[in-house]
Amino acid sequence: MSSATSLVPPAAPDMREHELGECAAFYAAETPQRLFENLLHLENALKARGYDTDSAGAPALGPTTLTMEAIADRITLIINRFKAAVRLDLELYRLLAELVHIRIRTKTVSMQAWIELRGLSRECAEFILERKNFVCELMERFGEVYPTLSRVGLQSARKFESMYLGKLKNGRLESVGQFFLRIAAEAARGVANNDAFAAAVFRDGTRAPDANTVFCLFFMALCRQEIVPPTPVMLFAGTESRSYASCFLLDVRGRHTRDVLTSIAEEIIPVMHSHGGIGLYMDCDSNWDDNSSGMMLALKALDSIIAASNAVSARPSGLCVYVEPWHRDIMKILRCRGVLAGNEETRCDNTFFALWMPDLFMKRFEANGTWTLFDGRAAHLSDLYGEEFEKEYELLERKNVGIATYPARDVMFALIKSAVSTGTPFVMFKHAVNRNYFFDMAGRAMKCSNLCTEIVHMTDDESVGVCNLTSLNLAAFVTRRNALPGTPPIGTFDYSSFRDACAVATVFINALMSLSNLPIKRATTGNERLRSIGIGVQGFHTACLLQGFGLDSVEACRFNGKLFEALALTTFQTSCRICELGMNPFRGFSESKYAKGWLHMDGWPARHLYFDGWDRLRENIKAYGLYNCQLVALMPTASSSQLTEVSEGIHPVFGNIFSKITTTGEDIQLNVALMETIECLYPNKAERRDILERLHKNKWSTRGAFGAALPSQHPLTKFDTAFEADQEHLLRLSADRAPFVDHSQSTTLYVVEEDDGAVRASRVAHLLTTAFKYGLKTGMYYCKVRKATDNGVFLGTDTCRRDDPTCLACQ
């Protein structure tokens, strides 16, 4: 997305003795002199733009003080001195990013030392060592893309440094190239002995690549940030841990509180220690303790365990408990977080909650009807959905089995009050989830999703749901051409390259899944049985902006439909191709709807199609099967999107600038597409500065800064933020892509306080009803609120932070 200007590719020629013919660079380490030259080059570039680096307070570097530590310290002082000014200077933002990458390089070690210090598994280390010369070739290719990568942005560089690069002994770091190499090597190792995986990596099916070709393919896709792995893979790929699964769905069927506590000890805690995000259903069995607070006490125990675990974990985990709205404790659950929790004994601030919403509740709400709560005598309702659920629910009402009755609107408004005050509950629609599943779920309905509401997966006595994720960076597939002077460049989306990457990503995540360690036996069973994967996207809004249109445009609607059709078609073709090449379909395929020619999109008969190939795919699936039971999931990507500096997942940008105060000053992330557009429109520095200052005074809202002064087709009008976007239109986009998303999508709602500081519950209720009528599986992930008096996003306590466990667990 940006051109490189200065960073010299890392290659240092300090060699030690090595065997004849081996790649010398394998033993090479960075040198202070090399990095000092890079630093001087960048300092000169900063001075040319008016930033006097000598004023940062750093001592001058000379022959006697030229150490790695001194270089790193000088870089830190320069960054802290000028980072607040990036809001007015995109090039400064990129130059400071390059400085961070030099600081990273002051802490790196040679490839040989990295293999010894990183804690790689024996198998991954051997895979790399057997290919020393080829690895050196890969690092040369990395040197060609590293200048561009190092200029993605300051936020990206700092995220690599602080979180994703492996920490070695004595304060050393793995390099960015080693980071990508580790992930690619582990995935290639999963392909090395699987000819079907290797052949399926190319869409044309005419090539049978060797392990090195696949290794290179994975490596370059990662370096170019086309494929962005989830956080578990980035942290643990190739290590002894091998914890690659992102999502676990557990169904706890306890007859007593002690049964739930046993399950916590035997299954939930091991999964938490594997750093996976958890979606949990807790049964409302007839034999729960007579004390009506039994479930709440169990939840409190679980909440305390989550808090204790995260307090000592380098990577926090998160857990979401799914409850149906007829549950006897529903009103208590809606008052157990944040400012709504009046009783410390039942406060559960570390636990997320979600409502597994039956259609009948939404119908009762719309009709202004009543809603009945039940105890464990109605536990079997959890196994039913659709008409079966409605008939049984109404029968129980007629038999007076209920323990309390409320106006349905009271329950809905309690839900909304909790959502806007504390961040939860999330909302998923039970009927839409089960109706569109590839198995007939009559009498055995699915009861929960995952932590982030985008995974649909069955559980039973023998297995829990497991899903392995990855995402595609859509901005990486936008090819931009030079525009006329004074106009921003307009990009074109490369569907061919995107579909190639879809095939690579499908094999990539399957390869990692085949090597993954899982924390409990039921997870291993679930993983081996269904091989569920979720391939999603990040940068949807950014890709729209780079193509010259906003989310509310006709072009965005067309792009949305075509993009996700391409994603679904290609991933399913690849999964089918793996079976055609000799691998067995997922267990239970012959009993699935797929075996009869069904596809997920058949639930939306009015869909529009852009691509040929669906009819042939149906026939091939019937003939050969599918290796994976599900393939497309649109997860939030709050953490990994900071590496690519694109918009999160399918979501619009929160604001055109992100800012937080730290101990070293203000850290800022820019909307690079907006800054590039402003630079093109206003080449005069003084005029451009005036425009940026105007935006700053209006909280970086182009609508607030310019209002009606901008013509409707002006390039800046497309930069509306999430809170300025038409929420019904965002839901329409979700509905249009829904046929091609066989898992689900983390649908977030964005609302703004009224001038009196209130959030209108009727507004949120209308959006939930709209999502329900569109047939979405996820009605509401987060409900994010912007204060009327501020542009900062808040969510009750601090659940909107970018280190939120819900963000880290998935992506």
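Keep in mind that glycine also has a Cβ here, set from the backbone N, Cα and C atoms.
Annotated substrate-binding residues in Swiss-Prot are Thr231, Ser246, Cys247, Asn450, Leu451, Cys452, Thr453, Glu454, Pro636, Thr637, Ala638, Ser639, Ser640, and among Gly205, Gly277, Gly423, Gly486 the one listed with them is Gly277.
Spread of the substrate binding residues is 18 Å (greatest Cα-Cα distance among Thr231, Ser246, Cys247, Gly277, Asn450, Leu451, Cys452, Thr453, Glu454, Pro636, Thr637, Ala638, Ser639, Ser640).
Checked against Ser639 (substrate binding site), the recorded positions Asn450, Cys452, Tyr782 differ in C-alpha distance, with Cys452 being the nearest. Closest in space to Cys467 (disulfide bond), of the recorded positions given as Thr231, Cys247, Glu454, Thr637, is Cys247, taking the CA atom of each residue. Nearest neighbour of Tyr781 (site 'Important for electron transfer') by Cα distance, taken over the recorded positions Thr231, Asn450, Glu454, Thr637: Glu454. Cβ neighbour count for Thr637 (substrate binding site): 32 (other Cβ atoms within 10 Å of its Cβ, all protein chains included).
Asn450 (active site, proton acceptor) and Thr637 (substrate binding site) are 15 Å apart (CA-CA, integer value). Ranked by Cα separation from Glu454 (active site, proton acceptor), the recorded positions Thr231, Cys247, Tyr782 are led by Cys247. On the backbone, the CA of Thr231 (substrate binding site) and the CA of Tyr782 (site 'Important for electron transfer') stand 20 Å apart.
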